[in-house]
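Taken from TrEMBL, the feature domain 'CBS' applies to 515-575, 617-672. Annotated transmembrane segment per TrEMBL: 14-36, 64-93, 114-132, 175-198, 210-229, 259-279, 299-318, 368-390, 396-419, 431-455, 461-478, in sequence order.
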Amino acid sequence: MSHRQWKCIQIQRWLICVLIGITTGLVAVIINISIIQLTELKMKIVTQAIEKCVKSACLYQPLLIWITINAGLVMIAALLTVFVAPVAAGSGIPQIKCFLNGVKVPNVVRLKTFFTKVVGIIASVSGGLAVGKEGPMIHAGAVLAAGISQGRSITFKLTFPLFEYFRNDREKRDFVCAGAAAGVAAAFGAPVGGVLFSLEEASSFWNQALTWRIFLCSILSSYSLNFFMSLYHHHGGDLAYPGLINFGKFEGTYEGFELPIFFFMGVIGGLLGALFNAINHKITIFRNKYVTIRFLKVVEVIIVSVVSATIAFMMMFLSAQCNPLGQDINVDLQFLCEDGQYNTMASLFFTPPEDSVKSLFHDPLGSFQPLTIIIFVLPYFFVACWTYGLQVPSGLFIPALLIGAAWGRLIGICMNAICPDCLWSQDVAKYALIGAAAQLGGTVRMTISLTVILIEATGNISYSLPLMTVLMIAKWVGDFFNQGIYDKHVHLAKVPILEWEPPPLSINIHAREVMGTPAVTVREVCLVKDICRVLSDPHNCHSGYPVTNEEGKFRGFVLRSQLLILLKHKVFMERSGPDDRLELAVFRDSYPRYFPLSIVNVSEDEQRCHIDIRPYLNPAPYTISERASLPRIFRLFRALGLRHLVVVNDNFEVVGIVTRKDIWKWGHHGKS
């Protein structure tokens with residue numbers, strides 16, 4: 001590669017990040033506007049039915065309309081997820097975390113997954129489920145990044161002569177990391193938070209050169225969303241819509257003696273987060289064991305939708321709090337209130353969850369009575385536990401923020417009742433914010449990135465100290481009982497993801513105890529028959545094989561995909577000259593969907609031919625001595641993103657191979 005070609009590749013990297021940022025912002029705009037329009041249409045239909053039936057004693061009719069609309073929308077999301085792209089279920093953060101950890105997650109960055117994610121989250125949120133659209137934006141950004149960086153669409157059989165250099169796992173992983181950061185930036189209007197999210201939560205190994213490119217990607221994502229949403233709201237150029245959720249401005253401050261109260265709220269957030277994770281863990285185990293038929297998965301989603309809609313309607317019916325119109329701009333549903341008043345519970349259930357969070361943050365003291373908040377938060381907590389993990393795209397950030405903002409505001413009301421004349425107790429917004437942060441931190445167990453995301457979303461740096469401390473306390477308390485919600489779902493899926501640290505007490509465990517043996521090897525010059533035998537053996541479905549010479553010495557490593565391509569193009573020594581070598585472009589064009597051995601036609605005569613693997617193997621792969629300790633092996637996998645590591649003895653002979661699954665199994669189960 002010449003210096004000019006190298007410069008061209010660097011420019012292409014920046015160009016791809018620009019495209020990822022802008023397109024992620026545009027997708028966020030489409031999702032946001034679609035949800036707004038569908039929600040407004042649904043509320044208009046239901047509101048008219050309620051106003052018509054309040055005096056006619058036929059409230060069962062608007063309830064049935066409400067249930068039917070919600071169930072219909074949610075069923076669309078469930079059918080798409082179950083039958084088109086099951087990997088699109090949930091927020092997608094655990095799957096992207098595994099992908100960036102170096103694990104091959106099938107279909108996680110496919111176009112059909114992206115389509116299901118976008119349409120599904122629009123239908124799920126509009127259908128009234130206890131979900132948010134922020135988490136799935138991270139997955140959507142990651143899929144966009146994977147597609148753009150490859151310069152082609154295999155689904156539509158379109159290939160462009162662009163970005164060919166980046167058609168490999170390492171480069172794609174870097175761009176997916178940028179896409180995840182762009183998704184966070186679009187969701188919360190937090191470019192710095194997006195970079196830190198990718199660094200802290202998503203990526204296992206960090207390329208330092210990525211930082212500035214990811215930061216540019218996040219900025220463009222946030223401000224693309226900002227620009228187009230300002231046009232939608234007829235305020236072109238007014239950059240007041242930086243993310244899908246806007247917490248509003250927090251103008252107040254706090255007193256030093258309030259910090260112990262905030263710290264206590266952190267403990268509550270950790271306990272409630274651990275309880276949420278434990279309940280969801282039990283539900284997910286039950287779901288994985290009994291709800292396995294695709295039809296039942298769709299039925300479960302519809303049942304949850306019907307139950308959620310019924311609970312919301314009944315809560316509005318049971319709520320006795322009515323406020324004068326004008327205090328709340330989100331909804332003016334009268335329901336059973338007097339003329340000129342609106343039902344307070346309707347402002348929580350009949351609006352998008354982001355607006356409900358904003359109401360709990362900023363509505364003046366007295367807008368929500370304590371009983372109203374309790375009636376709202378108790379059923380919502382358990383419905384959210386039940387909902388996360390369904391076969392629909394669903395985010396967890398907003399439900400956690402909504403639960404925390406509710407009980408945080410309740411604590412603020414209690415503080416005001418203790419000291420009604422004190423100036424510091426008049427501001428319940430800060431308690432709602434701290435409660436939201438504590439609940440979210442206790443559930444997902446992120447600290448650094450979540451602090452920055454919340455600071456950027458609130459626009460008030462003065463809350464950085466209590467937010468950081470509360471998130472740390474919530475994480476510590478929650479970690480005492482169980483893992484974060486994303487880690488739980490990763491482990492339930494039995495994905496061999498590597499933790500941050502090697503297994504404890506593993507310093508005396510060596511490679512010979514961890515490795516898989518005997519290792520399946522191929523010779524430098526090998527019979528076609530032997531290669532076909534290795535590739536067709538169901539017990540040898542590995543992604544690559546060590547290559548040895550005639551004396552059995554280790555010479556390099558060849559990938560399974562490379563052997564398949566050599567067989568397909570019949571690169572046999574007896575039928576080609578020394579200069580008839582395959583170009584690198586042939587291997588790149590086959591990435592990432594390689595064909596199976598069954599479609600390669602090899603005759604009996606060809607099976608007696610030989611293949612010279614030496615021009616195509618990796619002559620200097622990472623290797624390790626059989627006496628190396630498990631922590632050293634772990635750090636190699638973790639830092640370099642390896643998928644396999646060849647183990648050799650003192651004579652440089654292959655004695656085994658260590659894979660991610662070997663380390664994962666040892667860390668979780670040990671060996672007898």
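For all residues, glycine too, the Cβ spot is worked out from N, Cα and C.
Here the transmembrane segment (64-93) touches the transmembrane segment (368-390). Their Cβ atoms form 3 or more pairs under 8 Å, with each pair 6 or more residues apart.
Recorded stretches compared: 114-132, 210-229, 368-390, 431-455, 461-478; the one with the most Cβ pairs under 8 Å to the transmembrane segment (14-36) is 210-229.
Between the transmembrane segment (396-419) and the transmembrane segment (431-455), three or more CB pairs separated by 6 or more residues in sequence fall under 8 Å, so the two stretches touch. Taking residue pairs at least 6 apart in sequence, the transmembrane segment (299-318) and the transmembrane segment (431-455) share fewer than three C-beta contacts under 8 angstroms.
Counting C-beta pairs under 8 angstroms (sequence separation of 6 or more), the transmembrane segment (259-279) fails to reach the transmembrane segment (114-132), with fewer than 3 such pairs. Long-range contacts of the transmembrane segment (114-132) within the same chain, counting only residues at least 6 positions beyond its ends with a Cβ under 8 Å from a Cβ of the stretch, are 27, 30-31, 34-35, 38-39, 42, 69-74, 76-77, 80-81, 84-85, 88, 92, 139-140, 143-144, 147, 245, 304-305, 308-309, 312, 352-354, 380, 383-384, 387-388, 390, 392-399, 401. For the domain 'CBS' (515-575), the model's average pLDDT works out to 85.
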